[in-house]
Each structure stands twice: as C-alpha cells, then as structure tokens.
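K.L.:
A single structure is presented below for examination.
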C-alpha cells in the first residue's frame, strides 16, 4: 500500500524479464527434426480429434497425436469416416487380434512391442485405424526405428494420453461406440494475435506518456525551486527524483545475468507449489501496479483525497485515496488467483499484468542511449540463448518450457499476457512475455521524455519512429511464429534490432547521437545563472546534477 517503491519495481522488473523472450501460439504438437524420417514413415506430427458416439448419440471428444507412419489423417470433419470402435484382443495387439474387425477402429494399449507392429497387426485384421492408449498422462510422438526401411502401413494411428484413453475405453461398457478421426488445420493468423499486438503497443504507449508526463512535472517543480533560491536547489536531487530508479551500466549487465539464474531456478524447481509461489508474487506486484494506476487516474477527480495523508504502520504516510483503492485491488487479485483456471480468467491476468508493466516503466528509467543499448543488447542475447541455444544442454527450450508451465498442471506462469485463440479449432492461447513489452518499453519511454524535453514535434522526435519500429518488430515476430509452425519465438530477436536500430540510425542522421548516448537529455540554457557559485556551470543540467 502506498506509493510504489523503487526497490519493489526493480525486483518486479527482474522477475518479469526472466520471461523476456517468448511469443508463442500455445499448445500444439510441433514438427520434430530429431525423429527419423524414412520412406513410409515421414508424416508431420499433428493433433487429432477423436469424436465419439455411444448408441448413435454424440458423446465426448478426445485429442491425440498422429503417428509418423501411415496415411495422413483427414483434415475436414465432413470428409472423415465414422466407424465402430473395438477393444483389441489381445489388448496390446502385439499378436494378431482374435476377433473379426471388418473396418472398425481398434483400441489398444501401449507396450510390449513397437508401434509399427501394432499397426501392422491391426491392418492385417481388417481395422480401418488404430488408437493406442499411452501409459502416462502426456502425449508421445510415435516414430519408427531407422532400420525399419520396408514399412507399408496403410491405416492411420493415433496415440491418446492415459486419462483420455481410459475414458474412451469406459465408453465401450455403455454400448456400441463409434468414432471419427480428423485433424483440422489451424488458421494462418488468429485474431488473438492482432489483439495481443494492440495490447502490447497500447501498454507501451500509455506507459511512455505517463513516464514523460511525470518527468515534465519534475522539471516544472525543479524550475519552481530554482526560482525560490539557491538553497532550495541543493535539495533538488532528493526531491525531484523521488520514487524513480535510473538503470546504470553495471545494473544493465548484472540484470541479465541474474535473470538467467532466476530462469534456471524456475526451470529446475518448476512444480505445482512453485507456480503457486509465482502466483502470489504476481498478485503482490499486480496489486501494487493496479493501485498505482488507479490512484493516478482518480486523483484528478478526487484531488483532496489524493493530497490528504494519514500515517499507516509499516507504510508511512498514505493518501486517503490510496486507502480507498487498495482493498479493491487486493480483492481483484485474490479473485483472479482463486479462479485463474476459469475460462475468462485471462482477462484478470492481463489487467493485472498491464497495470504492473505500466507502473514499472513509469518508475524504472533508462538515463541515456548507452545504457539502453547495453540493456537491450544483453536481453537480445539472453533471449536467443534461452529459447534456441539452451536446447543443446537441456534438450528442450528452457524459456518455452517455463513460459508454458510444461512441468505443472497450469496453463503457464502468470508473468504473461495471453488471449485465447478464438477461431482456432484447437483452442489454446497466444502469449507474450512481460519482458518483450517492458524492456523495449523502457527505451521508448526514454525517447518520449527526450522529445518533450527537447520540445520536438511528433515527426521530428524519436518516440513515433520507435513505436513504429517496435510494432513492426512484434509483427515480424508473429509472422515468424506462424511460419515456424507455432514454435515459440524469441520476440526480442526481432524487436531489438528494429527498435534500437531505428533509434541509433535517427540519432546519427540528425547529429544528436553523442548527446543521446552520453547525456540522455537536450542542452538547456539555464535562466538562473546568478544563483550558481561557479561560472563554469552553464546549463540547467549542471544545476540539477
């Protein structure tokens, strides 16, 4: 409760940036280049819907994964055949089935022999397809051995996770069961990605204007203090920068190192209880961010309450407006945490996340382009390493595993913005890590602060073009995401070159790069030179520093 502390903002920045580099399309079975492709065993891995009917009445639907071998599975529901389902005897189908199949689909258990042998036995018995029940609750990719060069399997094979397979097997006790197998194609672009793009760009836009407005108010206050006399200006640094954190070169480098350690900790300790801990941390940050945003908005209409303070134990002086808003924020976060597995819980998560990002960008600042370049360049390498290169050591992408929450029963860690894919037959979410918004947002907020301080127009400044560059980079990220069959992409791989490159190129073209690089603020002629003890101080920046 109370004004957001710089220490908390810095800590939240670290937690959010640990998930800097992921934009993903949610749950999907991807192509696997490590699985061998040989003649007769070269299918792409696809998700398969298994629609069921019991006694000619439509029942549940299950989702499995198609095999590398066999014919491709029909993509159109209206073209898929509806056939009967039989439980294999023997149930593992490692020996030829004893019953007459006659075009039905065989349901078998995994184990005791190869997938290809089960499929061959089922085909020889006259089955039209085979559904294999896995012995664990996850999906598994059915592949072939490299020495199986004479495969000629002509029926599709689908693997179901253990729980889905057992439920399907129980349906057989209720009567005659028939199934329909098909694998609908995903849309090339889903509207969720468009809305996620708008959310990311809009968040940076709002945060940048708030940051620039706060900086301008600080300058106005600074000038008032200077007019009051030289003694007041001696306390300027403490008063003018209260509640703000300026990142320096050392912290920019250490930031990425510590974020890497934190990401490894998330990867190694990822479990149900650890996700619960992250939810608590996210709720604390979300309450702080939502409260800060609401107080800033409402203070214009409830100015007396915003300017009247009361001392609260452990929190110090707190405004009456903050006391009034805080319970609402706490209740909002608690309700989201309790019901976060509900269908529409993503709305609450996004509201808390956006408020948190906006607050951190308003508090944490990049002082100049040099620090911003180091921070974003390190984040760029961090992103690429943990999304792509980490596979060499961990045999999976650490960043994507953590972001999706693969080792838990959750839909992912809460430090993400997410929107459900509305027109995707497979459902799921489009997601983007907080760091993909926050880190470029720090640079873009710096651009707007500089533009306002230099009294630049929108077209002659840096903010507009940085925003365009960020939006373009994020758009390219989603193009790459779709071209790569939904594989999670390191968003900063595309965003950083666009955003930082545009900023540096414009600064160099306009001859302002040196000033942007070192000072981070324009030259300002000081109107209070008579108050300075030394004639060598020739501008207002010297006064404020």
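These residue numbers are counts, starting from 1, taken along the chain as shown.
Glycine too: its Cβ is placed from the backbone N, Cα and C atoms.
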K.L.:
Looking only at what Swiss-Prot records, are residue 343 and residue 400 on the same side of the membrane?
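P.N.:
For residue 343 and residue 400, the topology recorded in Swiss-Prot gives the same membrane side.
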K.L.:
Scan 147, 248 for the residue that Swiss-Prot records as N-linked glycosylation site.
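P.N.:
According to Swiss-Prot, the N-linked glycosylation site annotation belongs to 147.
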K.L.:
Labelled transmembrane segment by Swiss-Prot, one stretch among 486-506, 507-527. Can you tell me which?
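P.N.:
Swiss-Prot lists transmembrane segment for residues 486-506.
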K.L.:
Out of 164-184, 374-394, which range is noted as transmembrane segment by Swiss-Prot?
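P.N.:
Feature transmembrane segment in Swiss-Prot: residues 374-394.
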K.L.:
Please report how many Å separate the Cα atom of residue 81 (N-linked glycosylation site) from that of residue 436 (active site), as a whole number.
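P.N.:
It is 45 Å, counting Cα to Cα.
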K.L.:
On the DSSP side of things, how many residues of the topological domain 'Lumenal' (395-427) fall into helix, strand and coil, could you say?
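P.N.:
Helix/strand/coil tally for the topological domain 'Lumenal' (395-427): 7 helix, 5 strand, 21 coil.
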K.L.:
Taking the topological domain 'Lumenal' (26-193) alone, what is its mean pLDDT?
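P.N.:
Averaged over the topological domain 'Lumenal' (26-193), the predicted model reaches a pLDDT of 86.
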K.L.:
Compute the C-alpha separation of residue 147 (N-linked glycosylation site) from residue 383 (active site), stating it in Å without decimals.
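P.N.:
Cα of residue 147 (N-linked glycosylation site) to Cα of residue 383 (active site) measures 38 Å after rounding.
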K.L.:
Kindly say whether the transmembrane segment (486-506) and the transmembrane segment (374-394) touch, using the definition of 3 or more Cβ pairs under 8 Å where each pair is 6 or more positions apart.
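P.N.:
In contact, yes.
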K.L.:
Cβ neighbours within 10 Å, counted over all protein chains: which one of the active-site residues 383, 436 has the most?
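P.N.:
Selected residue: 436.
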